[in-house]
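One structure below.
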Amino acid sequence: MNIHEYQAKALLHEFGVPISKGVPVLRPEDSDAAAKALGGPVWVVKSQIHAGGRGKGKFKEASAGDKGGVRLAKSIDEVNAFAKQMLGATLVTVQTGPDGKQVNRLYIEDGSDIDKEFYLSLLVDRETSKVAFVVSTEGGVNIEDVAHSTPEKIITFSVDPATGVMPHHGRAVAKALKLSGDLAKQAEKLTIQLYTAFVAKDMAMLEINPLVVTKQGQLRVLDAKVSFDSNALFKHPEVVALRDETEEDAKEIEASKYDLNYVALDGTIGCMVNGAGLAMATMDIIKLYGMEPANFLDVGGGASKEKVAAAFKIITADPNVKGILVNIFGGIMKCDVIAEGVVAAVKEVGLKVPLVVRLEGTNVDLGKKIISESGLNVLPADNLDDAAQKIVKAVKGG
């Protein structure tokens, strides 16, 4: 689960992390009071969407102006003008795709007098089962670009959760950022604060880009991106309360209600599969035969008829889907349950695109019988390769 920048900063501030003062704004008419409360003389007006690259992004609407999603204002009138332009407009960045995202919230923040910019992030290293720190003196830019062009400027080290963060980890961060004296001490303190917040809130990633040194000699978090481990959210109702469903894919929200593992993609062939490994293999073979999957969807091992029907409805709700491939290897999941769910869903929502079904495993004969006797126009497949070729051919009109 992701949250907005202003929410991430407020959360980090609870752990003592230094941030600039700011006020979230949801309506243009609230920007004046927010700017006056901060005082100025310089303000930063930031679009709040769940995507990076906001500063270099562009709004679709001409009425939003030709500046990006992060704007510097030097007067309260300019703050108000930016708020009117940006709220409700659609911001397109390198991470939103061409459709962009509507800006429903702004964060008006005190401007910072910046001397240096750094990059600092924490994430779960699944290979070592430790918390990894990623540090670079190249802040304020895309870290992927740094990794590609000058990888030697990125330094990583890990913290063992069994022992927790230690003073030497803070010194390692200070050294990586080439800080000394009081700034080194600030970096050491910040390292402990960030790690404590990361663990306490069960974060999956905490990215600060940039972490800045002000001309007054203070370390400050200028931008923060936080994502949480969804499996741990039950422990953190205060985090769940921060969820902004308008930033999420509507189909993914619906899937979560049925405990379905669904991820929307950009292709045209919808997939319903049981098991994450088989789902990925199904996506791979669709691509092998020249087309792209429209989604990742794992219905799990113990899905009911109702759950399968819900999954099918979610797939058909995607206007980009031009064909559907159901690929089930029944172990715990029974093929007849899948068949009943598919038939029920198709009869309710109709079938306007080709459907290929490959069933194998527990109750496979009964499952095939249910589908064949349903009267539906379903293409049966004998194996995964056969299924992929049939759905690709059907979608292409062959």
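Positions of Cβ are set from backbone N, Cα and C atoms, glycine also.
Asn274 is the residue from Asn274, Asn295, Asn377, Asn383 that Swiss-Prot records in the substrate site together with Gly331, Ile332, Met333. For the domain 'ATP-grasp' (9-254), the model gives a mean pLDDT of 94. Between the C-alpha atoms of Gly55 (ATP binding site) and Asp223 (Mg(2+) binding site), the distance comes to 11 Å. Least crowded of the binding-site residues (Glu109, Glu117, Asp223), judged by neighbouring Cβ atoms within 10 Å of its own Cβ: Glu117. In the three-state DSSP scheme, Gly55 (ATP binding site) is classed as coil. Neighbour counts of Cβ atoms within 10 Å were compared across the binding-site residues Ile332, Met333; the minimum falls on Ile332.
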